[in-house]
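To start, the structure itself, in structure tokens.
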Ligand code: HEM
């Protein structure tokens, strides 16, 4: 099949899944900003996105997108390395136009995956998973279940820890690099690769990645500062 047999096809799969993940990130970031304004409003959204059939379908679709994107990333990297052979180890002057992010997409992607694992452990495993277990008549911890739809509580708990604040900020920094390169590179793979549009996409990628990542980082920092200001007094 063209999408798996040819290198162009594989790049198209990477691009389409990457763009779909960027759309998810945009929604997720906008949703999280609500937590800063209103805990009740945020919890209403979390309840809506609980263990309902449509939320489960969305979660499975999202997981499939992540898995396909990751498998194809490794596949393409291996293929590129094989094509370059021993030249990869030779000391060659890299052109200045090749940015750091583009050289390190796989490493950045791995940091993003590790961060995502930690993130799912912090949130998904305490929110959607216990509800799912309860719906399937499996044992779910009663206290955990009581807090399952209280997303604002989990955000507060997580970002009251300076360790998590630092880990999340490092994770978001890696995500920023990954997005700045990934977004315009997707457009290039999809054929939008004339010189004028390529420069425009690079500019749009930088602005877009910065907005998305700053939105996430704002939640981390605001909740941490609230903990600092409230310690002992709230
Ligand atoms: C400040 C940053 C973030 C906060 C506060 C946050 C918050 C949350 C919360 C509360 C959930 C659980 C939703 C539920 O189960 O009802 C969740 C799930 C999730 N988050 Fe985040 N998130 C953040 C950043 C990110 C980033 C940067 C990514 C991706 C790179 C991400 C990917 C996911 C995924 C894949 C899920 C599972 C979604 C699902 O179950 O359908 N999150 N997040």
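Each residue, glycine too, has its Cβ placed from N, Cα and C.
Of the candidate ranges 84-104, 105-125, TrEMBL annotates residues 105-125 with the feature transmembrane segment. The transmembrane segment (163-184) makes no contact with the transmembrane segment (51-75), as judged by fewer than three Cβ pairs under 8 Å among residues 6 or more apart in sequence.
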